[in-house]
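Asker: Supplied in structure tokens, the structure appears directly below.
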Amino acid sequence: MSSLADKRLLLGISGGIAAYKSADLVRRLKDRGAQVRVVMSAGAREFVQPLTFQALSGNPVHTDLLDPAAEAAMGHIELAKWAELILIAPASAQVMAKLACGMADDLLTTLCLASEAPVALAPAMNQAMWRHPATAVNAQTLRERGVQLWGPAAGSQACGDVGPGRMLEPADLAQQAESLLSGSSDCLRGKSVVITAGPTREALDPVRYLSNHSSGKMGFALAEAAQRAGAQVTLIAGPVNLATPAQVKRVDVVDARDMRAAAERAADLCDIFIGAAAVADFRPATMAEQKIKKREGCDESAIALVKNPDIVAGIAARSQRRPFTVGFAAETQQVEHYAQDKLQRKNLDMIIANDVSSTNSGFNSDRNAVTVIDRHSSTHLPQALKADLARQLIEIIAAKAQP
Ligand code: PMT
């Protein structure tokens, strides 16, 4: 039976072209057994008719705060108490700004203030609006208050732009709602977890570096999931452009040697260490003090590299204060074979292998598919949003890390 069976979900729809996708979302939530009531902002009603949502949800659509007839049927306070989850999809830049300020000037924003249910937003807007510092601050304020932000995804937009700002697909949102309402366990209550995330940058000269395409999304999703599961989390992040998950301690680093120093310090007091960072295996043997110049007539050049310290192997090699140590393996071929080899060679307790040969999974993507390997078993987790996968991984790691 779906964990949305009989769950009471209030779907808020704000103004944006993605509102048409919300019709499919209602259908998917209903298919999973949820009771759905829809609240539409004035902007949303410019894009889609309330009748569509009434037909799909089987309930009248709520639109006005001060409508006596609607209030007599199910008043806004009653509606706020009815909801077990408020999901706003699409969530426009405007609705995010209003919620961040605590405004209550229409039915949807009033319900969010009046309800004690968890609130999740599926942002959808033009990529420049999403990147705008005002939206970034609003998003961070909401996160810090415990509001969940699901997405946005990146890709081509209705206006012709390309970038972050697309609403997640209805199937993914329904999955996220199901994961949230299936009850987050506190499987890591009282535990301390250290996670490395993102790439490292190895300087060649003051303006150039060697690095890779890691976005940090996988490690940040793990940090958020571990914190929600009750852990105290330290996130050691290479150079990435991501907001810090609520109540997570973040340490920013640049290169592999900085990351190792931060990891060794933090690991002294931790129970679980997860190496999700894509650490550069090599760095330039020397860093030029000045920008390296092109030389006349010189069409080739070589860079001498030296090996970086292996951070996760160093943690796993400890004889004292050794945490349960988990590595990741990013492979483009023979994924399980190479991951097994790293598990043994680095003396890890567990390794999470991801196939990074495809562009819609692994590096710099919102999705991933992994195989969790320890010395006795191997479990495949099919492709899912990194946030969803992170919750599953944290459950598995918590169970295996039990003393
Ligand atoms: O950041 P995203 O865009 O979300 O992408 C996520 C990811 C694909 C980067 C992530 O899921 C992942 O696979 N991270 C590990 C990538 C990697 O570099 O794998 P590796 O096979 O080179 O290293 C194996 C393990 O050793 C990893 O845990 C790595 O953190 C660790 N390592 C590697 C080298 C080094 N010098 N020190 C290390 O600790």
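The first residue you see is number 1, and the count goes up from there.
Note: Cβ is positioned from N, Cα and C throughout, glycine not excepted.
Computed from a predicted structure; not experimentally measured.
As listed in TrEMBL for this protein:
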ACT_SITE  CYS159  active site, proton donor
BINDING   ASP281, LYS291, PRO309, ASP310, ILE311, VAL312, PHE328, LYS342, LYS346  CTP binding site
DOMAIN    7-177  domain 'Flavoprotein'
DOMAIN    188-399  domain 'DNA/pantothenate metabolism flavoprotein C-terminal'
REGION    1-192  region 'Phosphopantothenoylcysteine decarboxylase'
REGION    193-403  region 'Phosphopantothenate--cysteine ligase'
Asker: Are any of the recorded positions CYS159, ILE311, PHE328 near ligand 1, with a Cβ under 6 Å from it, and if so which?
Answerer: ILE311, PHE328
Asker: Out of CYS159, ILE311, which of the recorded positions has the smallest number of neighbouring Cβ atoms within 10 Å?
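Answerer: So among CYS159, ILE311, the recorded positions given, the one with the fewest Cβ atoms within 10 Å is CYS159.
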Asker: Using CYS159 (active site, proton donor) as the reference point, find which of the binding-site residues ASP281, ILE311, LYS346 has the shortest Cα-to-Cα distance to it.
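Answerer: In terms of Cα distance, CYS159 (active site, proton donor) lies closest to ASP281.
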Asker: For each of ASP281, PRO309, PHE328, LYS346, count the other CB atoms within 10 A of its CB; which of these binding-site residues has the top count?
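Answerer: Result of the Cβ crowding comparison: PHE328.
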Asker: Taking DSSP three-state, what's ILE311 (CTP binding site) in: helix, strand or coil?
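Answerer: For ILE311 (CTP binding site) - judged by DSSP and reduced to three states - the answer is helix.
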